[in-house]
Amino acid sequence: LNTSSASNDSILVTWPPVEHAILYKLIMIREGSSTRLVLNTTDTMVKFDNLESGTSYCIKGMAWDAEGRIGDDLTVCQITHPCPTENIWVEEPTAGNCSVMWENVPLVDYYVAFIKRDDGTEKSCNTTKTTCQFFCMCGYTYLTSVFPYNQAGTSLFAHVLNYTTSENVIYLANIGSIQKNTSEYCI
């Protein structure tokens, strides 16, 4: 049996034809459940739809010949793609110190956040947390998106957040006995 998750709510199961087989039986069980979905078919491809995102399903397959003999069975497990992140926001507690943040997505192994500034500069961040820090300059727009990943791969799309920093800049100079430090702050 070969399995793949074509979307966050489906699993495609395929197998090569079995010699002398006239009927195939598939049994699908969601991990942690005792409910079984049983399907008899003559096809060598089945798509299971309306499944839970980011959930592992085990599929057992077997073949029958014309005399009613059952061949060896095979069981494979497949996880569906995770849901996309629903809520993304940017926090800027101090000028130039930004964090893109998002709500936790269940059954995710890690996230990849993408931050693109309107001048083309890009940054990405791999993390198991729900935040990613980045330097944000005054007067720029940042496009941010977050892709959750699990064993099936990434969510198939991501929401994009548009965040613009303030354009006004003030300079503060601290003059010490040895050096002069100038800092830039957005207001």
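Numbers here mean position along the shown chain, with the first residue as 1.
The backbone N, Cα and C atoms fix where each Cβ goes, and this holds for glycine too.
Predicted automatically and left uncurated, TrEMBL annotations should be read as such.
In TrEMBL this protein carries:
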DOMAIN    1-85  domain 'Fibronectin type-III'
The mean pLDDT across the domain 'Fibronectin type-III' (1-85) is 91
For the domain 'Fibronectin type-III' (1-85), the DSSP residue counts stand at 0 helix, 48 strand, 37 coil
